[in-house]
Structure formats: structure tokens, C-alpha cells
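As recorded in TrEMBL, the features of this protein are as follows:
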type	residues	note
COMPBIAS	1-10	compositional bias 'Basic and acidic residues'
DOMAIN	44-436	domain 'Amino acid transporter transmembrane'
REGION	1-20	region 'Disordered'
TRANSMEM	74-93	transmembrane segment
TRANSMEM	164-183	transmembrane segment
TRANSMEM	189-212	transmembrane segment
TRANSMEM	233-252	transmembrane segment
TRANSMEM	272-293	transmembrane segment
TRANSMEM	313-331	transmembrane segment
TRANSMEM	364-397	transmembrane segment
TRANSMEM	418-440	transmembrane segment
Amino acid sequence: MGKDEQREEVAINSSPSNSSQKLDHLHVVALEVEVPETLHQVGTDSWFQVGVVLSTGINSAYALGYAGTIMVPLGWTGGVIGLVLSTLISLYASVLMAKIHEYGGKRHIRYRDLAGFMYGRAAYVIVWASQYANLFLINIGFIILGGQALKAFYLLFKDDDRMKLAYFIAIAGFACVLFAIAVPTLSSLRIWLAVSSVFSLVYLTIAFVLALRDGINAPPRDYSIPGSKINRLFTTVGAAANLVFVFNTGMIPEIQATVRAPVVDNMLKALYFQFSLGSVPVHAVTYVGYWAYGSRSSSYLLNNVSGPVWVKALANITAFLQAIIALHIFASPTYEFLDTKYGIKGSAVAVRNLAFRTLVRGGYLALTTFLSALLPFLGDFMSLTGAISSIPLTFILPNHMYIIAMKKKLSSLQKSWHLINVVFFSFMAAAALVSAFRLIAVDSKIYHAFADL
């Protein structure tokens, strides 16, 4: 955008009176809201487009794994209650963040900016590091998912050991690089959001229908929680971290930055869309997947389903393609930082801009792809992401920030409620971190580097 300030004007029109000689005029209320320097677009998107962006994130190919990574370790009671509570609590925390977007007369288009404004430079750096770790781990997961989907597609037609998972992860990473070069900003997605929504509906519908058919025709399933007592303890904690991961991006300010004024009201509409209609598919495919396969549910549900080859092929290839688009959403804060830092502006197809995106975004995604192939343990990375950053960014900080922003409007009881949330989720994050590292350590002993899972 390149400007330090943005003037938002609200015009109130009066209708003229036929019986009066008075001249009715336009009343203009000027609201000065400072907008930080950025070379990406701010305040251009409708609430519906933002709602689709948010829904794209929760209905990504990750949704094909929740039957295995959440329901299997938690069982029917814990899994269903956990997912429902996660939906409600995540909506609540997201609303808190949305309401303080313009705190202090400044539009906070980045999470780290809001943290720095409230707490100082140290918090700015910590939140920056935490958020980018969060997004980096999420992107590792998307490339693993893309590789898994592409491998599953390949095996439908040629069942051999010549092509390893690492090769498919490399192909997925290369496809993400091409997309990152072609689409310069988050707002530029536009038509790609519609394409992504179609892809999501295709693979989620296929997974749902095929799992439903398998469940109807299958003998009784085993729904017992697998593992020893100590293993069940750690997997339960890890699954709790995965619950946080399902509905949260850790980048509410960055997404809200794209919405048109009034930014709070429109963001709330987008969030209500995400957590109502937008959350139906992920709930449906998770419950049906677990019902159909029980404790055998895979971390990639399309590996469980049976059906016509062409139908399964369509589901896998759309999951692969949607993972590319979804990754771009979660990589966009990194791209915005780099573009702004190095002054990448003007035409998206200018030679300098194309070269910059090719080298810088390509380098970032090359590193992401390498780590994805090195340790392709998707469920473990979901737990680690939830522990390190999703829980702090989604629940701990929003509650504390809301206390600071609304301290004059909150009663002592309300402040106590938010502080209880801060303490509870801090303990939860610590426990989830220990569990995630243990899971990665165990899997690293079982599987070698560049494992063909």
C-alpha cells in the first residue's frame, strides 16, 4: 500500500424536504486509523472472500487426517466432545482477536505489530518468531500431504517401490514454488479460492461417501484406544494439541488486514461463516471416517477407503492441488514480510519481481520441502505445531491482549475468566510440547530419514 495513513469516511445522507428551503447536506465523519507500511493490499476484500479463505484452511487436505490423529487417540466420547469444544473455543478466541484489530487508533495488520504495540519490542520479536515457526510447520505439513496424495494417486495405477514418498514430496514442493511465483499476494488468490473450494468439496465428498459405504458393508469395528497406558497418555495430549490445530491459523490479524471497512464487523461475519457452514465438512468426514474404520483410521483417510479407481484418483489429485493453494495462504505472511522489506512493488510480472519471487520464495519452499521429505511424520508435526505456537497464538495471547485492550470495560469477574484461560492453556501448551517431542523421538527411531511411509 505504501502509505502511513488511511482515511475512512462514513457518509450519512439526509433526504431533502419538499416543504422546506433548507439545504440538506452530506455529513462526513472522519476516522483516522493508522495503517502500517506494507506493499501488499489492505482493506480490499469482502467478508465473504475472507470467510472462504478461513474455511479453505480448515477444510484443507489436513481434514482427511483427523479421524486418525484425533479420533483414534481420543475415542468416540473424547473425540466428538473435543472437536465440538474446539470449534466453540476457537471461535471465541478468534472473535477476541478480531475485536482489537484497531486497538489504540492503529490498524494492526500483523500479529507481531499488535504484540509490539501492547507489550514492547521483546514481545514483537517473540511473537514474530513463534508465528513464523507456526506457519513454517503448517507448510511442512501441507507439502507432506501433497506428497502423500500424489503417491496415493500413483499407486492406484502402478503399485511398485520405485517411486518413494520423498520423490512425491519433491514434486509437491516444486508445484508450490510455481504457484508462489504466479500468485503475488493473498488478495490475488480470488478465483483460486473458488477453485480451492471446489477441490475441497470433491475430495471430502468422495472420502465421506466411500467411507460411509465401507462402514455400512464392514463387520463390527474396534474403537478401543490403542497402546499402553503411558503411550495413551502422550497420544491423548498430542491429540488435544491437534484439536487446537484444526480450526486455527495463528494469523487472524494478517487475514483481517485484507477485509474492507468496517473491519471488525466484517471480520466477525467471516468468522461466523467459517465456524458454522465452513466447519460442517471437516466434522462430517472426521466422524464418518472413524465410524467406518475405527482404530484402523489412517492419518490420510483416502488410504482407507475402497471404491472405483477413477473416483479415488480424482479425490487424491484434488487433495494434492488444494494443498498447494492452502499452503499459499499460510505462507503469505512470510511473503508479505519479504516483499515489503525488499521493496517489491509495481507490476507482478515485472522481471525484477518475478526474479525475486523465484529466488526468495523458491528458496523458502525448497527448505520446507527438504525438511518435509527428511521427517515425513505428519501427525507428529501437527502436535508440535499446536504446542509451540497454535495454542499460545490462538488462546493464550488473545485472552491476555483482550484484558489489556478492554481493561476499562471488563468487570473483575470477566478479567478473572480471561486469566484462567491464560493459565490453563499455558499448562496445556507445555504438556503438548513434551508429548510432541516424545512422539517425534519415537517415530525417528522406528523410521529412518526420508522414510517411505
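Every residue, even glycine, has its Cβ placed from backbone N, Cα and C.
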>> So if I exclude everything within five residues of the ends of the transmembrane segment (272-293), which remaining residues of that chain have a CB under 8 angstroms from its CBs? That is, six or more out.
In response: 47-48, 51, 54-55, 58-59, 63-64, 66-68, 70-72, 76, 79-80, 83, 87, 90-91, 94, 200-201, 204, 207-208, 211-212, 214-215, 218, 221, 223, 246-247, 301, 304
>> Would you say the transmembrane segment (313-331) and the transmembrane segment (189-212) are in contact under the rule of three or more C-beta pairs closer than 8 Å, pairs 6 or more apart in sequence?
In response: yes
> Does the transmembrane segment (418-440) come near the transmembrane segment (164-183), with 3+ Cβ pairs under 8 Å (pairs 6 or more apart)?
Replying inline: no
>> Applying the under-8 angstroms CB criterion, which one of 74-93, 164-183, 313-331 scores highest with the transmembrane segment (233-252)?
In response: 74-93
> Hey, which bits of the same chain come close to the transmembrane segment (74-93), Cβ under 8 Å, at least six residues off its ends?
Replying inline: 66, 223-225, 236, 239-240, 243-244, 246-248, 271-272, 275, 279, 283, 286-287, 290, 394-395, 398-399
